[in-house]
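**Q** So Swiss-Prot has the following annotated:
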- Y22: active site, proton acceptor (ACT_SITE)
- H97: active site, proton donor (ACT_SITE)
- N71, H77, D84, I98, S99, R108: substrate binding site (BINDING)
- R17: site 'Transition state stabilizer' (SITE)
Amino acid sequence: MRILVLNGPNLNLLGRREPDVYGDVSLKGLAAELMLRAPEDVELTFKQSNHEGDLIDALHDAFDYEGVILNAGAYTHTSIAIRDAISAIAAPVVEVHISNVHARETFRHESKLAAVCIGVITGFGLTSYTLAMHALIEHWRNRHD
C-alpha cells in the first residue's frame, strides 16, 4: 500500500515555528517517526510545498497511491482549488492538523476540504499523522477484503 504524506505552507518550519503550538520535532523528524510506525507493507512518500499549485499538482499525481494524508496548513480554510483536486482523484484523503484548530482562532474553525475527505484528525500533535495512516490502512483493508 502506498500513502502520500503531503504537507502545505509553513510546515517546513516544524520544530522552529511556534513550538508551543506545533512541537519541537522537525518535518524530517516527523517523516522518520512515521516511517518507523508504518507497517512493512506500507510505503510512505513525503512532499511539502508552500505553494498552492504545487500541492494541487501533487494531489493530481496521487492517482498511483492508495491514500493521502494531507495537512494543507492555512490553505485548509481558503482553497477551493485544493478541494477540487481532492475531489478529482480516486485516492481517499485524510485531512490532518497538528493543533486543535477548533480551539484556536475562529477563522481556523472552517475547513474547505473536510467535506471531500474521508475524515479529519486534529489536535493530537504529530500523532495526528500516525492516526491518519492507520485510518487509511483500515479504510483500504475494509475495501479490499
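Glycine is no exception: its Cβ is also placed from the backbone N, Cα and C atoms.
Could you give the neighbours, burial and distances for every feature on this list?
**A** Around the Cβ of H97 (active site, proton donor), the number of neighbouring Cβ atoms within 10 Å comes to 22.
Around the Cβ of S99 (substrate binding site), a 10 Å sphere holds 18 further Cβ atoms from the protein chains shown.
The Cβ of R17 (site 'Transition state stabilizer') has 11 neighbouring Cβ atoms from other residues within 10 Å, across all protein chains displayed.
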**Q** To the nearest whole angstrom, state the Cα distance for the pair S99 (substrate binding site) and R17 (site 'Transition state stabilizer').
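**A** With the alpha carbons as reference points, the distance is 13 Å.
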**Q** How big is the gap, in Å, between the Cα of I98 (substrate binding site) and that of R17 (site 'Transition state stabilizer'), rounded to a whole number?
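**A** Cα-Cα distance, I98 (substrate binding site) to R17 (site 'Transition state stabilizer'): 13 Å.
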**Q** Rounded to a whole number, how many Å is the Cα of N71 (substrate binding site) away from the Cα of R17 (site 'Transition state stabilizer')?
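**A** Taking the Cα atoms only, N71 (substrate binding site) lies 16 Å from R17 (site 'Transition state stabilizer').
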**Q** Please report the distance from the Cα of R17 (site 'Transition state stabilizer') to the Cα of H97 (active site, proton donor), rounded to the nearest angstrom.
**A** 15
**Q** Looking only at DSSP and grouping its letters into three states, which state does S99 (substrate binding site) belong to?
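**A** The residue in question, S99 (substrate binding site), is coil (DSSP, three-state).
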